[in-house]
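> Next up is a structure, given as structure tokens.
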Amino acid sequence: MLYQGESLYLNWLEDGIAELVFSAPGSVNTLDTRTVASLGKALDVLAEQPNLKGLLLRSDKPAFIVGADITEFLSLFAAPAEKLHEWLVFANSIFNRLEDLPVPTLSAINSYALGGGCECVLATDFRLATPDARIGLPETKLGIMPGFGGTVRLPRLLGADSALEIIAAGKDVSAADALKVGLVQAVVANEKLIPAAIKMLKQAINGELDWLGYRRPKLEALKLNKIEAMMSFTTAKAMVLQTAGKHYPAPMLAVKTIEAAATMTRDEALQLETQHFVQLARSNEARALVGIFLNDQYVKGKAKKLVGETPVPQQAAVLGAGIMGGGIAYQSAFKGVPIRMKDINEKPLALGMNEAAKLLNKQMERGKLDGMKMATILANIHPTLDYAGFERTDIVVEAVVENPKIKASVLAETESHISESTILASNTSTIPIAVLAAALKRPQNFCGMHFFNPVHRMPLVEIIRGPKTSDSTIASVVAYASKMGKTPIVVNDCPGFFVNRVLFPYFAAFSLLLRDGADFREIDNAMEKKFGWPMGPAYLLDVVGIDTAHHAQAVMAEGFPQRMAKDYRDAIDVLFEHQRFGQKNGQGFYRYQTDSKGKQRKEQDDAVDALLKNISQPKKAFSAEEIIARMMIPMINEVARCLEEGIVASPAEADMALVYGLGFPPFHGGACRYLDTLGSERYVEMAQQLAHLGAIYQVPDGLQQKARSNEGYYPSVAPHADVSHGQPA
């Protein structure tokens, strides 16, 4: 043993070849600050070995290096800019020393080499990969860019176009694709990886391979003439602007970094990369996107812990073959849980099966599955008009019309056809579980399971614990949701649960703005273009359905009369009365036409202005900032109330529910992260200026207390101790 660190060790192999093995405690290797420092110490040891002829990098884990340790990011980014800059210079000096070793170097990549793991292997002369390997740089998805030389080495190895595509999109590529673009020299079976690596190193040592020739391009300027450079970078910037937009600065800055560094040597280019990395790392967007990653890990970890040893339901059923029922049936069957789809008429059953077939055909067209797999999935959906076989189901999801009497009747009837251990769940979006449970003999086996539309695309499932719901029921439903490929978040019972409860004050704010003379198109524009929602409130209401929103609004008003009841006719009332139900009948706030691809495109409809004139004050211009404040404060206030009442357990779960269920702009990180970025004190001041507009603008007590203490929802992060040259401060 030449060197033993916490997360890597150094050994002699044979004939002057040393191996550096990444071997972190735990199940995966990450390139954290300690590992980087340890790599530096290993290189110190290698520098003292006169007989060194070659170096092999490998992992003793199932994956090479899965990336940097993202749990360190927020504390690293909290460090003063100059300290973070110093640490990156120190870290890059280590990768440069690896790259500059006076002997050939090779990385044997098994499974994942992502982020810092990819940047590490780029510093070696050769790379071999197993067939299952994935190699890439996902940093821009976290609001940052590669910081260990990725923007420098990858373009010089692959050429600008391939590197720009990987870096700007935060992509990883398969071993086969890596071989095509020249990222690896060969793809080798797992059991032959190390022998092949040693053989290749020996060829380099013996002069059969020009290892310095492989290394040289990484140290020099990019091989591009002016016209090639202009075409590559202009195209890349246009693509980034189209896909990432202005709210996500990392991809564009990464492209501009590569462009500016194209004529530089390695060391000059690294200085620019470091400067731009620090700029991004200290941005609100990076904090938000890293926060989402960590919150996602927390939510999924909590679900896994909650399930424990609970078995996944093996047989399911869904009541109702409408849009939601059909979507649930498709998703269950697609993920391997056979499901009975019951309805009272043949027509909806046929529509449900056709919808499933249509979704599967799209997967076939994309090459995601073959005809045999498609047939198997469709065979796992059993359309039925009766309860035959329901006694063998483990879980039944009710997805009939959103009417408490109808739902209660269907649930009670179903309960008489299932076993005593079968779980019943309702896909209600607003009706309290306690209300529906009153009709059941076994309320302990009942809970809410709220899917979002379209089911196959939306990642969130809100699981609602009723007053009598048992822990084992929740565990089984969480297990089923996870098996379906969804992110389950457990909330407590109230009208609207969590997501719809916080959505309707937002819609109420929209109605108030219209009443006060705002143009709904300007509101949509501000909320989409400026704030970053995928749809503004008018467009969202059209997609949800004006009739659905009108009904849900009444449920919410009954549940929370102080805040959500209104004493005036609003735009939703008017459109509902004129049977403008949104996309479902082609007219709502906008008019809809189906394009050649079958997608509905919205168009302006001047008739709406005439309808809304009677319930609105004369037209008045509002700034984007005014619109955003008036729209977002009621939603954030309701999120705060839900946290204070224990409807949702944590800021992390609240934020992920909003991102995954409503499309809350990820670069804001969710309502709690957004509030923390604004500052609770500033937020309360903004809300107080609008308090005259009504109860939805009243800040709850707990949030007022946070403002007085200048606290946020997330704990403040102390700067990382290891940013001073990789050592504990």
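Heads up, the Cβ atoms here are built off N, Cα and C, so glycines get one too.
According to Swiss-Prot, the protein has these features:
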| type | residues | note |
| --- | --- | --- |
| ACT_SITE | His450 | active site, for 3-hydroxyacyl-CoA dehydrogenase activity |
| BINDING | Asp296, Asn500, Tyr660 | substrate binding site |
| BINDING | Met324, Asp343, Val400, Val401, Glu402, Lys407, Ser429, Asn453 | NAD(+) binding site |
| REGION | 1-189 | region 'Enoyl-CoA hydratase/isomerase' |
| REGION | 311-729 | region '3-hydroxyacyl-CoA dehydrogenase' |
| SITE | Glu119 | site 'Important for catalytic activity' |
| SITE | Glu139 | site 'Important for catalytic activity' |
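Set these features in their place in the structure for me.
The Cβ neighbour count for His450 (active site, for 3-hydroxyacyl-CoA dehydrogenase activity), using a 10 Å radius and every protein chain shown, is 24.
Remark: Asp296 (substrate binding site) has Thr487, Met656 as non-local neighbours, by Cβ distance under 8 Å and separation of at least 6 in sequence.
DSSP gives Asn453 (NAD(+) binding site) a coil state; it is part of no helix or strand. Using a 10 Å radius centred on the Cβ of Asn453 (NAD(+) binding site) and all shown protein chains, the other Cβ atoms total 15.
Taking a C-beta cut-off of under 8 angstroms and a sequence separation of 6 or more, Glu119 (site 'Important for catalytic activity') has the following same-chain neighbours: Leu31, Phe95, Leu137, Pro146, Gly147, Phe148, Gly149, Gly150, Arg153.
Counting every protein chain shown, the number of other Cβ atoms lying within 10 Å of the Cβ of Glu139 (site 'Important for catalytic activity') is 29.
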> Go through Asp343, Glu402, our binding-site residues, and report the one whose Cβ sees the most other Cβ atoms within 10 Å.
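Compared across Asp343, Glu402, the most Cβ atoms within 10 Å surround Asp343.
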> Measure from the CA atom of Tyr660 (substrate binding site) to the CA atom of Glu139 (site 'Important for catalytic activity') and give the result in Å, rounded to a whole number.
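Distance between the two Cα atoms comes out at 21 Å.
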> Could you give the Cα-Cα distance between Met324 (NAD(+) binding site) and Asn500 (substrate binding site), in whole Å?
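With the alpha carbons as reference points, the distance is 16 Å.
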> In whole Å, note down how far the CA of His450 (active site, for 3-hydroxyacyl-CoA dehydrogenase activity) lies from the CA of Glu402 (NAD(+) binding site).
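Just about 12 Å between their Cα atoms.
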> Which of the three DSSP states, helix, strand or coil, fits Asp296 (substrate binding site)?
helix
